[in-house]
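Among the features that TrEMBL reports, Zn(2+) binding site is placed at B:CYS87, B:CYS90, B:CYS121, B:CYS124.
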2 protein chains.
Amino acid sequence: MGITRQTKQVKTLLNIFDNNEKAISVVDLIKLLEAQMNKTTVYRILDKLMDDGVVHSFVGKGGLKWYAKCQDCSCETHNDVHPHFQCKTCGEVECLSVSFTLPPINGYMVESASLFIVGVCSNCL
Amino acid sequence: MGITRQTKQVKTLLNIFDNNEKAISVVDLIKLLEAQMNKTTVYRILDKLMDDGVVHSFVGKGGLKWYAKCQDCSCETHNDVHPHFQCKTCGEVECLSVSFTLPPINGYMVESASLFIVGVCSNCL
DNA sequence: AAATATAACGCAACTTAGTTGCATTATGAA
DNA sequence: TTCATAATGCAACTAAGTTGCGTTATATTT
Ligand SMILES: [Mn+2]
Ligand SMILES: [Mn+2]
Ligand SMILES: [Zn+2]
Ligand SMILES: [Zn+2]
């Protein structure tokens, strides 16, 4: 079940994702919002925003959780199957708007796949 | 720097990877070996086996670290760039001996990429 | 404009993965 | 057998994420 009440904290988080193309880690979110809300609240709101198809999450380089705004998702359909890229230089993480084809693996049923790419972004090159 | 002394603990871990095609998580390794060695030792030996090109690691579904034997790696060259697969049914994680091509991303320098696939393995289908 | 039901929040305490410092042990070379 | 030191065990710590519960605030009803 997703969000039912538009609390001050929910609005704050929605605002962050609306004005931010890049992905952001939970750790950074908690640090950024420590004056405004509890870390438990951050985790809980993120969970609900996931349910609502507002954001999607993925596991980054060090095993940390990252979140980014969904493009064309809703409660019912999560279409955000795209690679994620982390820049070694500036540290920023972004969703790549490209589709990728999985290698052929006979006899396996594929349910989901995540591709994480590390390198140097166009700004830092 | 890698391993310089063939301790009992090192032999135990080498033996596990030699007799095991599948990948294994650190958590499972620690549980499996709790009677034989300390968890700190497990982490430290795995680090060194990485340096020596004996094993490689990757981040699994939940952000946990997994390890598997390298095929053709050494201290100098780590060639193990392949996807990893986790079966939802049996939970086993394996290295896929297939190569995959990255999607074209103009203006970015790619350094490494990891592809993690979740589904049902051939045994469980 | 109250009253009210309850979703959501804050807080503290907890769990778990992984790390660090240091005293002790055991390996391999001299 | 001696000896330097790599490696281990242990305890304490850090950091990410979770849980339970009492309190607060939102949105609906009266
Ligand atoms: Mn994304
Ligand atoms: Mn592998
Ligand atoms: Zn960059
Ligand atoms: Zn299976």
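One is the number of the first residue shown, and numbering goes on along the chain from there.
In case you wondered, yes, glycine gets a Cβ from its N, Cα and C as well.
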For a Cβ distance below 6 Å to any atom of ligand 3, name the binding-site residues from B:CYS87, B:CYS121, B:CYS124 that qualify, or say none.
none
Packing count at B:CYS124 (Zn(2+) binding site) (other Cβ atoms within 10 Å of its Cβ):
14
Cβ-based isolation winner (fewest other Cβ atoms within 10 Å) among the binding-site residues B:CYS87, B:CYS90:
B:CYS90
In sequence order, what residues of the same chain, 6+ apart, have a Cβ less than 8 Å from the Cβ of B:CYS121 (Zn(2+) binding site)?
B:PHE85, B:CYS87, B:THR89, B:CYS90, B:GLU92, B:GLU94
Cross-chain proximity of binding-site residues to A (CB under 8 Å), evaluated over B:CYS90, B:CYS121, B:CYS124:
B:CYS121
With a radius of 8 angstroms around the mean position of the C-beta atoms of B:CYS87, B:CYS90, B:CYS121, B:CYS124, what other residues of the same chain does the Zn(2+) site pick up?
B:LYS88, B:THR89, B:GLY91, B:GLU92, B:VAL120, B:SER122, B:ASN123, B:LEU125
